[in-house]
Each structure stands twice: as C-alpha cells, then as structure tokens.
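Participant: Before I ask anything, here is the structure I am working with.
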Amino acid sequence: MGSDRSCVLSVFQTILKLVIFVAIFGAAISSRLFAVIKFESIIHEFDPWFNYRATKYLVNNSFYKFLNWFDDRTWYPLGRVTGGTLYPGLMTTSAFIWHALRNWLGLPIDIRNVCVLFAPLFSGVTAWATYEFTKEIKDASAGLLAAGFIAIVPGYISRSVAGSYDNEAIAITLLMVTFMFWIKAQKTGSIMHATCAALFYFYMVSAWGGYVFITNLIPLHVFLLILMGRYSSKLYSAYTTWYAIGTVASMQIPFVGFLPIRSNDHMAALGVFGLIQIVAFGDFVKGQISTAKFKVIMMVSLFLILVLGVVGLSALTYMGLIAPWTGRFYSLWDTNYAKIHIPIIASVSEHQPVSWPAFFFDTHFLIWLFPAGVFLLFLDLKDEHVFVIAYSVLCSYFAGVMVRLMLTLTPVICVSAAVALSKIFDIYLDFKTSDRKYAIKPAALLAKLIVSGSFIFYLYLFVFHSTWVTRTAYSSPSVVLPSQTPDGKLALIDDFREAYYWLRMNSDEDSKVAAWWDYGYQIGGMADRTTLVDNNTWNNTHIAIVGKAMASPEEKSYEILKEHDVDYVLVIFGGLIGFGGDDINKFLWMIRISEGIWPEEIKERDFYTAEGEYRVDARASETMRNSLLYKMSYKDFPQLFNGGQATDRVRQQMITPLDVPPLDYFDEVFTSENWMVRIYQLKKDDAQGRTLRDVGELTRSSTKTRRSIKRPELGLRV
C-alpha cells in the first residue's frame with residue numbers, strides 16, 4: 001500500500017513538474033513577443049542586421065561559399081573577408097531551422113521570421129538548461145525557481161526579445177548547457193558528460209566571442225579545487241576530456257584558428273591542463289615514496305614549473321608567438337584604459353560602466369537574494385558550489401565595469417536567488433512537524449504564513465516588474481521609435497527605414513555611403529548600399545577617416561570623401577524631436593578617434609568653447625561650427641521656427657540662421673519626416689572650373705530661395 005502511494009505521488013510530481021515547465025517555457029517565449037505585437041516582425045538594432053544579412057547569404061548559397069565569402073560592399077575600398085571574420089554558429093543554426101521547417105515539414109516560412117523568433121525560442125531552452133544546472137547545485141524545486149526566473153528576468157530579456165537576432169540570443173543558452181554538462185562531469189567523472197560539455201563549448205565558440213569566459217571559468221574552478229585539496233580522478237577525467245576535445249574542436253572555427261594555443265586569453269586553460277597532469281602524477285607518486293620526500297619533490301617541482309611557465313609565457317609573448325591581452329581585456333581591469341588608448345572601444349555604449357540602479361532594474365528582488373544564495377552555498381561547500389561562487393564573484397565585478405556583461409551575470413543571479421528562495425520555502429512551507437510544541441503554538445504557524453506569503457507577494461511583484469520592463473524598455477526595435485502626439489496618441493517614428501528605403505530606391509546600386517560606423521550594418525541590410533565603415537570596427541584608421549571627414553571644414557571633408565569615391569553622406573540629427581542618440585552627441589568620439597591618428601590636424605580642444613564647454617549655439621567654437629557634421633545637422637533647422645530661432649531639444653540650446661554656415665560642396669537630397677535622418681550628395685565639379693565655394697557664393701548673392709518646411713506634429717521627446 002505504501003509503495004503504491006509512493007508511486008502515485010512520484011507520478012503526480014513528475015506530471016506537475018512537466019506542467020510547470022510547460023508554463024515556464026510558454027512564459028519565456030510569450031514575454032518576448034511584445035516587440036512583434038507592438039510593432040511588427042522586424043530585425044532590431046544594429047548588429048542583428050548584419051547577422052540577418054549573413055543568414056540570407058547562407059540560405060541562398062552553399063556553406064562553403066559562406067565560409068569563403070568576401071564582402072566588397074562593406075569597408076570600401078578594402079572590403080571584408082566576412083566568412084573568416086565572424087562566428088557562424090548563429091547563422092548556421094537559423095539556416096538549419098529554416099531548412100527543416102521549409103524542406104522537411106513543408107512550411108513556407110521566410111528566413112526573416114525565423115531570425116525574428118530565434119531568440120524567444122532559445123530562451124525556453126535556456127530555462128531548461130538553468131533548471132538542470134540548478135538541480136545539480138541543490139534540487140529540483142530550486143531548479144524550477146531558477147528556470148522561472150531566467151525565463152522572464154529583464155537582464156536576459158534585454159538581449160533575447162523577438163527581433164534581437166544577435167549572438168547573445170543563442171550564447172546564453174549554450175553557456176548554461178555547457179556549465180550544466182561540466183557540473184555533471186565534475187561530479188561523476190563521466191567522460192560522456194565531459195564530451196558533451198566540450199561539444200557545446202565548441203558550439204559556443206562558433207556562436208559568440210564571449211566563449212573566452214567559459215575558457216577561463218572552468219579552469220579557475222579546477223584550479224580552486226586543487227588548491228582546496230579536492231583533487232580526484234573524477235576531476236582529472238572531466239577536465240582533461242573537456243579541454244582536449246573542446247580545444248581541438250574550437251580551433252576548427254576559422255575566426256578562432258590557433259588562438260587557443262597562441263593567445264594569452266586562453267593560457268589559463270592550458271596552464272591548468274598542465275598543472276592537473278602534475279597533480280595526477282604527484283598523486284600517483286605519493287603512494288610510492290615517503291610523505292617527507294613527496295613534499296620536497298612537489299614543492300621543488302611546483303616552484304620550477306611556476307618560474308618556467310611565467311618566463312616562457314613572457315618570452316613567447318615578447319617574441320610574438322603568443323598574442324597579448326586584447327584592449328577589451330585591459331578595459332575590464334582599468335576602466336580608463338580604453339578611453340585613453342582605444343577610444344573606439346570606449347565609444348560603444350555597451351562598454352560603459354553600469355549604474356547601480358541598473359542591477360535592480362534588470363533583476364528586481366533577485367539582486368538581494370543573490371548574496372544570500374551565495375552565502376548558503378558557502379555553508380555547504382561542495383565542489384559544484386565552488387563553481388557557482390567563482391562564477392558569482394567574477395561576473396559581479398565584470399558586470400560593474402561593463403554594461404553588456406550584465407547579461408552573463410544574470411544567470412548566476414537567478415541560480416543563487418533560486419537556491420536562497422528554495423531554502424526559505426523548504427523551511428517555511430513545511431507545515432508538517434512531529435514536534436508537539438510547534439503543533440500547539442499558533443505563533444509558529446503564523447510566522448510561516450507571513451514569511452511564505454511575503455515572498456509569494458515578492459514573486460508577484462517580480463513578474464509584474466519584469467513584464468513592465470520588457471514591454472516598455474526592451475521591446476523597441478530602435479529602427480522604429482515609439483512616441484506621442486500632443487494629444488497623447490501613439491506615434492511611430494519610422495525615419496530610419498524611410499531614409500534607408502529612399503537610398504535603396506533613389507541611388508545607384510553601386511553608390512557609396514559615408515556614415516558613422518553605428519549605422520553601417522543597417523545601411524547594408526536595409527538600403528543595400530556600399531558603406532565605408534560598419535559595426536565590425538576592425539580597422540580603426542578607416543573609422544578615423546570618416547571621423548576626420550565629419551570633423552573637418554567642408555572643403556577638406558569634400559576632398560577626403562571624394563578620394564574614397566563617396567556619393568552620399570548620411571547623418572543622424574535628433575535636435576528637432578529630442579532624440580539623444582544622434583551624431584552631434586557622438587561627435588566627440590569621432591573627434592577623439594580621428595585625433596588618435598592625426599593629432600596635428602584634429603584636436604578635441606578646438607571643439608570646445610574658451611570656457612571648456614561643448615556647445616552648438618552662438619557660443620560654439622569656430623572649429624565646431626565649420627565642421628561638416630555641424631553644417632549638415634543644422635542646415636535649415638532654424639527656419640523651421642517662427643522668427644528663425646530654433647531650440648535644439650537635446651542640447652537645450654538656441655540656434656539661429658547666423659549660427660549655421662552655408663553648405664557649398666554638398667546638396668541636401670533627403671530629410672526624413674521628423675528630421676532624424678538627413679542625406680547629402682557630393683556635388684559634381686563645376687563645368688567652368690570654378691570652385692564650389694565660389695559657385696555657392698554667386699548663387700546666394702543672385703537668388704534667395706525659400707524652402708517650404710513642414711514641422712512634425714510630435715510634441716514629446718523620444
């Protein structure tokens with residue numbers, strides 16, 4: 001009878017877990033569809049447009065052609081060896097899904113919809129992987145909580161909403177699956193689990209440059225266990241299998257190549273691999289000789305190996321056989337390094353330090369359950385707990401110095417918070433007791449009800465907060481911006497697509513477009529036109545050329561752009577409707593990057609006022625007002641307002657017609673409805689041999705043209 005009841009209870013628990021997990025999977029997907037419901041099925045932001053373009057190339061061509069793809073429509077005139085400079089995991093996975101749906105199941109689905117819905121689908125897989133990982137750390141109840149947290153937590157949703165077709169859409173899934181198999185392998189010594197961890201590590205390497213995090217975290221875990229005296233044959237078989245298979249497999253990715261054995265980023269893994277061989281040998285020798293001799297041999301051996309390792313690594317790095325640390329790595333330890341030495345890295349908003357409120361905004365009450373969970377793991381310090389603690393400490397620091405690394409911190413916050421909350425529920429939701437003194441005291445029951453009820457209420461607030469943040473903050477595609485009319489109605493600002501469509505329909509197919517690198521992928525993806533620079537940022541000098549053109553006087557800019565066969569110049573201007581992400585706000589980064597290459601020609605100080613202010617009104621410096629970007633941004637802007645005095649709603653400064661010098665070398669050919677995107681065409685040389693400035697002055701003196709300008713009806717800022 002008892003066994004039957006136990007069997008029925010076990011079946012019921014299994015069914016209940018399945019139902020809960022189906023609900024979690026549904027919540028993970030549905031919460032990421034706000035962008036499609038509010039806007040449409042569209043690729044978001046910047047990098048996803050390149051990934052989408054590359055995926056289309058893959059499905060229209062063979063995988064061989066994809067790996068050997070040379071793109072002559074980017075980085076003109078240099079081009080880009082695209083197939084050998086990208087992580088193909090995202091594109092190949094999408095192409096496989098598209099092929100399976102279209103050719104195996106006969107569904108006439110477009111590749112764009114596969115790309116748009118890719119991230120929500122894999123978020124469900126992430127929830128499963130987090131469940132399995134947390135179950136290895138504590139138990140199934142903690143695993144379900146962790147899965148529920150990761151399914152809707154804003155810190156992960158920010159990079160996995162529908163349309164966010166970026167590498168992180170699949171990378172966090174692979175991160176958690178790799179860690180799950182690693183913990184299983186470390187606990188059991190299973191070569192199969194270690195092999196699975198290595199294969200998913202290879203998959204991770206193919207999908208995201210952040211694979212280096214795994215490359216260093218797993219060796220750190222092994223190193224800490226060795227220092228704690230917890231070496232075992234299980235640990236040896238798990239790590240050596242993972243490292244050997246994972247390293248060889250990762251070297252098959254063209255973009256990675258020999259980096260695992262020739263880069264400082266990977267040397268920790270190699271060093272721990274060598275160390276664990278020595279420890280294994282020492283463990284064998286320990287049984288053959290006396291303890292005193294063993295200690296002497298081990299101390300001498302470790303000292304010699306440490307010295308030889310440091311000297312060898314330094315020598316190989318000096319000789320160029322091992323690549324030094326990258327600029328992004330240095331910027332993690334010195335937050336001013338990139339700003340001083342590599343401004344192109346510092347100019348990326350994702351590389352800025354995170355503000356403290358962002359931790360609560362992205363994780364809600366999980367952020368204060370997080371340290372409690374880590375503390376509980378310290379109390380019961382198992383080998384797998386050491387991994388979570390190391391993960392927590394490292395990512396807590398890294399997320400504090402770089403915004404984008406909040407994404408890697410979020411999973412361990414969910415895991416640790418689930419451990420803490422599960423422990424609380426284990427105690428306060430257990431209403432069965434054999435102790436009579438608790439049974440006769442209603443205060444104990446009341447305490448349990450209050451504590452458990454409070455945390456259930458916090459869970460409700462967490463769901464409410466996560467839904468609100470997802471809907472309002474993380475579901476905008478950035479190429480279409482939501483705003484409001486003066487009467488409060490929703491208005492969609494579609495200037496980006498309007499401008500790119502104009503370029504696509506009104507310019508020659510081989511036209512070259514100069515714009516700041518932020519918009520290169522979008523121009524290539526939506527306008528299908530050749531660009532000088534894009535978001536790949538592999539050539540700092542080429543980016544500096546565009547920055548120099550924007551910062552130079554008009555005549556000099558014209559010559560620079562003409563040398564590079566540019567036909568059109570595209571600038572983003574937000575002064576009319578209050579869009580703060582425009583080129584004027586990014587202008588100082590353009591100046592700093594170009595100053596790093598041409599310090600004698602471009603000086604940041606020249607763009608400030610005598611008082612050291614960055615201004616765009618009548619008090620702006622002459623260098624600022626004569627720069628090409630200033631002229632293109634503010635051309636005809638004051639004439640929009642009665643009396644000729646316009647207010648830049650981003651900088652909150654007054655602009656008059658006298659503040660804006662005329663343009664003589666460029667023709668305005670397009671300005672979007674809300675003046676966010678402005679496109680100019682380089683003028684042809686004068687047929688009579690006159691300079692374009694002389695022609696412009698003659699035209700202004702002989703005629704006075706009036707332009708009919710319509711102001712948009714948007715009354716609120718973006």
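For all residues, glycine too, the Cβ spot is worked out from N, Cα and C.
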Participant: With respect to the membrane, are ARG5 and MET228 annotated by Swiss-Prot as being on the same side?
Facilitator: yes
Participant: Among ASP4, ASP47, ASP362, ASP380, which residue shares the Mn(2+) site with ASP166, GLU168 according to Swiss-Prot?
Facilitator: ASP47
Participant: Using all protein chains in view, find how many other C-beta atoms are within 10 Å of the C-beta of TYR521 (dolichyl diphosphooligosaccharide binding site).
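Facilitator: The Cβ of TYR521 (dolichyl diphosphooligosaccharide binding site) has 24 Cβ neighbours within 10 Å.
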Participant: For each of ASP47, GLU350, count the other CB atoms within 10 A of its CB; which of these recorded sites has the top count?
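Facilitator: Compared across ASP47, GLU350, the most Cβ atoms within 10 Å surround ASP47.
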Participant: Hey, does the transmembrane segment (211-227) touch the transmembrane segment (356-378), meaning at least 3 C-beta pairs closer than 8 angstroms, sequence gap 6 or more?
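Facilitator: They are not in contact.
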Participant: For the topological domain 'Cytoplasmic' (228-232), what does DSSP give as the number of helix, strand and coil residues?
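Facilitator: Grouping H, G, I as helix and E, B as strand yields 0 helix, 0 strand, 5 coil.
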Participant: Where does ASP47 (site 'Interacts with target acceptor peptide in protein substrate') sit in the DSSP three-state scheme?
Facilitator: helix
Participant: Of the recorded positions listed here (ARG404, TYR521, LYS586), which is spatially closest to ARG159 (site 'Important for catalytic activity') when Cα positions are compared?
Facilitator: ARG404
